[in-house]
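Features reported for this protein in TrEMBL:
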REGION    1-46  region 'Disordered'
BINDING   ASN52, LEU54, GLY81, ASP102, ASP124, ASN146  S-adenosyl-L-methionine binding site
DOMAIN    63-231  domain 'Ribosomal RNA adenine methylase transferase N-terminal'
Amino acid sequence: MTVASSSGRRSDTLVMDASGAGGSGRPAAPKKMRPPTLPAGEYKPKQSLGQNFLSDQNYVMKICSSFRDSSVGGRSVVELGPGAGALTQVLHAQYPDMMAVDIDERSVQFLAETLPGLTVLQSDVLQIDYTQLAEARGGQLSIIGNLPYHITSQILFMLCDHYRSIARAVVLLQLEVAQRIVAPPNCKEYGILSVVFQLYTRPRILFKIPATVFYPQPKVTSALLSLDFTGRGPDVDRGDLKKVLSTAFQQRRKMLRQSLRPLLTEGVTLPEKFSALRPEQLTPQQFVELTKAIFGDTDPSQRADSGPVWRSI
Ligand SMILES: C[S@@+](CC[C@H](N)C(=O)[O-])C[C@H]1O[C@@H](n2cnc3c(N)ncnc32)[C@H](O)[C@@H]1O
């Protein structure tokens, strides 16, 4: 991790749309707010880092007003992937003690120059221990971010691995991924993402975001997703549940009595009510029940309740 340094570079406006959001309930725009910009010169978006920068101030305001945190000074607020600070400049005005994390040193330097006083770290968000970070920041974290799309699921699964330390996450992601996360049983989008996130959080799609408000424009439509962590995880060993989910959804057209056969040890049979069903027909809670039927109901105190389990899915 590297803490920001400064170097005094100038900024060029990328896309002018600084009309502000107006409507009630939205955060007041900081007085000296600039429209989303990229620093001049060498700060070209890197595709390898999923850099699609927000370039429309109306959407910036709409996104920021969908986010709430009540910690003192916003000490619990962590922005993942601030880039050139489109969201950060609005958030920092409201949450002066927030923190931002980006892997790109150009972002870290640029933010140090343009938002002095912001705590900004250069780090891979996938290498952060969010449980330790929450302890250091004095409470459960409120995460916000326009996530790099190529690692969105990994980031969100990782937050589930630290579910006790996360209060909420409000994130921009591909609409298609958001739809899978909120999908109910019995539809084609329903799968591992739906089961896992619905066991840990109350997921909601807040609104869609068109590709035209990013630079460069991605090929897909995006969405703002809100994940309210419930503070509870599934009441079963997470490793066992993961095995059941990956095995069942690997062959999603097959009935569970067929697809889950490799997991059944001698003497163990599937509950009759599940055996002729396909995985998409089970609710998240029924997957927990099914896991207990296959692997037994382990003593909660014996379960490995920390460490990465979901992230590697
Ligand atoms: C989609 S851009 C969002 C930038 C800015 N928040 C905005 O909305 O304009 C994603 C950001 O995540 C950063 N990023 C990509 N991979 C990362 C990683 N593994 N760890 C930390 N930041 C990462 C990129 O450098 C980039 O700034």
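The backbone N, Cα and C atoms fix where each Cβ goes, and this holds for glycine too.
Keep in mind that TrEMBL annotations are predicted by a computer and have not been checked by a curator.
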All-chain count of other Cβ atoms within 10 Å of ASP102 (S-adenosyl-L-methionine binding site): 29
DSSP three-state assignment for LEU54 (S-adenosyl-L-methionine binding site): strand
Recorded S-adenosyl-L-methionine binding residues, ASN52, LEU54, GLY81, ASP102, ASP124, ASN146 - maximal Cα separation rounded to whole Å: 20
Neighbour count (Cβ, 10 Å) for LEU54 (S-adenosyl-L-methionine binding site): 23
GLY81 (S-adenosyl-L-methionine binding site) CB neighbourhood, other CB atoms within 10 A: 25
Of ASN52, ASP124 (the binding-site residues), the residue whose Cβ has the fewest other Cβ atoms within 10 Å: ASP124
Tertiary neighbours of ASN146 (S-adenosyl-L-methionine binding site) (same chain, Cβ under 8 Å, six or more apart): ASN52, LEU54, ILE63, GLY81, GLY83, ALA86, LEU87, VAL171, LEU172
Three-state secondary structure, which DSSP defines for ASN146 (S-adenosyl-L-methionine binding site): strand
